[in-house]
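> For reference, Swiss-Prot lists these features for the protein:
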type: COILED; residues: 68-109; note: coiled coil
type: COMPBIAS; residues: 1-13; note: compositional bias 'Basic and acidic residues'
type: CROSSLNK; residues: Lys252; note: SUMO cross-link
type: CROSSLNK; residues: Lys253; note: SUMO cross-link
type: CROSSLNK; residues: Lys256; note: SUMO cross-link
type: DOMAIN; residues: 192-254; note: domain 't-SNARE coiled-coil homology'
type: MOD_RES; residues: Ser14; note: phosphoserine
type: MOD_RES; residues: Ser64; note: phosphoserine
type: MOD_RES; residues: Ser95; note: phosphoserine
type: MOD_RES; residues: Ser188; note: phosphoserine
type: REGION; residues: 1-20; note: region 'Disordered'
type: TOPO_DOM; residues: 1-265; note: topological domain 'Cytoplasmic'
type: TRANSMEM; residues: 266-288; note: transmembrane segment
Amino acid sequence: MKDRTQELRTAKDSDDDDDVTVTVDRDRFMDEFFEQVEEIRGFIDKISENVEEVKRKHSAILASPNPDEKTKEELEELMSDIKKTANKVRSKLKSIEQSIEQEEGLNRSSADLRIRKTQHSTLSRKFVEVMSEYNATQSDYRERCKGRIQRQLEITGRTTTSEELEDMLESGNPAIFASGIIMDSSISKQALSEIETRHSEIIKLENSIRELHDMFMDMAMLVESQGEMIDRIEYNVEHSVDYVERAVSDTKKAVKYQSKARRKKIMIVICCVVLGIVIASTFGGIFG
């Protein structure tokens with residue numbers, strides 16, 4: 001009969017090599033994934049920092065009736081940088097999302113896939129939070145610019161309601177603000193100059209908001225659909241932490257009780273030894 005031991009051993013070694021290759025490939029894939037996660041997190045942090053800088057520029061521009069061009073250019077650069085970085089983040093998150101959907105379509109389920117889904121959900125939520133802050137910052141700045149325009153119109157003797165001013169802004173025509181204003185004083189001219197400056201800022205803002213609107217809504221809807229899953233994960237994590245803390249507490253109590261019991265046993269043994277010595281001495285004295 002032919003001995004197939006060597007053949008079987010070779011086949012087993014080949015299977016082992018395949019398993020090692022798969023494991024190494026999977027580990028390399030996850031390493032690359034986590035590098036991508038860190039890159040995305042860095043981009044989101046950069047957006048957050050730029051948003052804070054945008055707030056400072058807004059305050060500087062509003063503090064001056066005629067802000068210098070350098071400050072306005074720096075603000076535009078910040079807004080442009082936020083837009084570019086946000087598009088990068090969106091593209092990378094979309095890529096991860098598609099990869100996850102492909103694996104789910106093949107009915108694959110693994111710890112690695114769950115990790116990737118959790119990371120993707122966390123990053124998506126963080127991204128939307130940062131962009132929401134940026135959107136709120138822009139909206140607040142628009143309202144402040146609008147308020148300044150209204151005050152300057154009042155200086156020229158022209159009173160407008162909030163609704164009327166909104167209609168004027170939506171017209172996109174700067175000349176509409178000069179209508180009915182008598183340009184007979186330097187105050188009126190200065191007021192009109194600031195009105196035109198603020199109106200220009202509002203137009204830029206609205207263009208920026210419009211450009212980011214579709215991306216923002218897309219990511220917001222994604223996060224909303226993931227919300228329930230994220231809440232469930234957070235609930236499980238919190239309860240796992242509580243369980244671990246209780247387990248540690250119970251372990252400490254057990255060690256404490258065990259230590260007390262051990263000390264009691266030692267005391268009993270010592271008492272028995274002392275009692276034995278006393279009895280032995282007593283009987284020794286009697287029979288001595």
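Backbone N, Cα and C atoms are what each Cβ position is placed from, and that goes for glycine too.
The model shown is predicted, which means the values in this text are computed figures rather than measured ones.
Surface or core, plus neighbours and distances: that's what I need for these features.
Under DSSP, Ser64 (phosphoserine) is assigned to coil, being neither helix nor strand in the three-state scheme.
In this structure, Ser95 (phosphoserine) is part of a helix by DSSP. Around the Cβ of Ser95 (phosphoserine), 12 further Cβ atoms fall within 10 Å across all displayed protein chains.
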> Given the model, what does the mean pLDDT over the domain 't-SNARE coiled-coil homology' (192-254) come out as?
64
> In Å, rounded, how far does the Cα of Ser64 (phosphoserine) sit from the Cα of Ser95 (phosphoserine)?
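Per the Cα atoms, Ser64 (phosphoserine) and Ser95 (phosphoserine) stand 44 Å apart.
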> Around Ser64 (phosphoserine), how many other C-beta atoms are within 10 angstroms of its C-beta?
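Other Cβ atoms found within 10 Å: 11.
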